[in-house]
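Going by TrEMBL, these are the annotated features:
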type: ACT_SITE; residues: His261; note: active site
type: ACT_SITE; residues: Asp312; note: active site
Amino acid sequence: METKEIYKGLAGVPVDYTAISKVNPETNSLLYRGYPVQDLAAKCSFEEVAWLLWHGELPSEDELAAFVADERAGRALTPEIRQVIDGLSLEAHPMDVVRTAVSVLGANDPTTEDNSAEANLAKSKRMFAALPAVVAYDQRRRHGLDVVEPRDDLDYSQNFLWMAFGEEAAPEVVDAFRVSMVLYAEHSFNASTFTARVIASTTSDIYSAVTGAIGALKGALHGGANEAVMHTFAEIGSADNVVPWLDEALAEKKKIMGFGHRVYKNGDSRVPTMQAAMERMIEHYGRQDILDLYRALAAEFTERKGIQPNLDYPAGPTYHLMGFDTPTFTPLFVASRVTGWTAHVLEQNAANALIRPLSVYNGVDERQLP
Ligand SMILES: CC(=O)SCCNC(=O)CCNC(=O)[C@H](O)C(C)(C)COP(=O)(O)OP(=O)(O)OC[C@H]1O[C@@H](n2cnc3c(N)ncnc32)[C@H](O)[C@@H]1OP(=O)(O)O
Ligand SMILES: O=C([O-])CC(=O)C(=O)O
């Protein structure tokens, strides 16, 4: 057998440069294009952050106005997308629906094969504008509810909640939602972004890259963890059941979703900001019971294993409090991360090298057919 060293899961292996974000586990910090994510979450709209990720700089007033106008014009669910979604099973996972919708967008876009930076930026903005209606409508159809048309007097976050629930959300709810979108937008070479870059590296189209990235995000070790956190909470029930539940889960060697991270080993840079937003939702909806459970599980698990919560841990309960169905949580992550994915596709295309690592063969030696 060959004896070359392998790097299982590519752990610790730098594979390329990126100027989009810097994840720094030593200082537990995260920069988007040089700006601390906490500052962006405190001061910027999600539309501004999306622009920053794509263009490298915050938009000027005129650039923002033009982008916002385009985003508002591109929000409505097209008849083609609606027809495809209506044809999908109500049992389908919402991530499968959103993945299919992006695939349809690509199949129907006459510019899909144009891989110029300009065309891909326009497609990125198109997906950004179109995804909220897909996520919102898919949740509604599962409850037998009709589509809610977008409103162009509302910003991205207000309108997302409007299309999902058919009523204007309270300002503090809109703000917590905006914070979650900003925090979820970008995180260097995570599994879904790397997937997008692998697909782009073959000179495939940007819709294919995003479709593949959605597939990678779905798994519970990645984006699917925000949904899994809520399943865990439902299983545990209440704070006083945390200890027996954890005894059993750890005895069965279960992974506790919403904890741990490949890069951060001493806490995820985004958790304090997301947790503060979650606590505002706890207050708003009067659900101290959820906060008690959240705190009890985090304290008990971290004390036993020394493993800290990641962003999905506070994001899951936040979306639950807002009224989203648990399986819709990861599609919300998609609506945000489409900004980071597409920024990475643009970056990959600008300095491309086919991504094709090596494997070390450990199968049977060469042999003759009988
Ligand atoms: C937005 C995001 O995508 S953030 C990540 C979301 N994912 C989750 O929350 C899923 C739960 N967490 C995990 O599975 C892991 O922590 C990962 C996949 C995120 C990172 O994993 P890796 O860097 O590959 O570390 P790995 O899984 O090898 O863990 C190292 C050790 O810690 C343990 N560990 C890590 N996370 C957890 C967890 N959540 N629950 C229980 N044990 C854990 C592992 O079992 C392993 O123990 P061992 O050395 O005794 O075998
Ligand atoms: O960076 C990672 O591996 C996972 C993560 O936190 C993210 O994608 O936001």
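Note: Cβ is positioned from N, Cα and C throughout, glycine not excepted.
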Active-site residues: His261, Asp312 - member with fewest neighbouring CB atoms within 10 Å: His261
Integer Å distance between the CA atoms belonging to His261 (active site) and Asp312 (active site): 11
Asp312 (active site) - helix vs strand vs coil (DSSP): helix
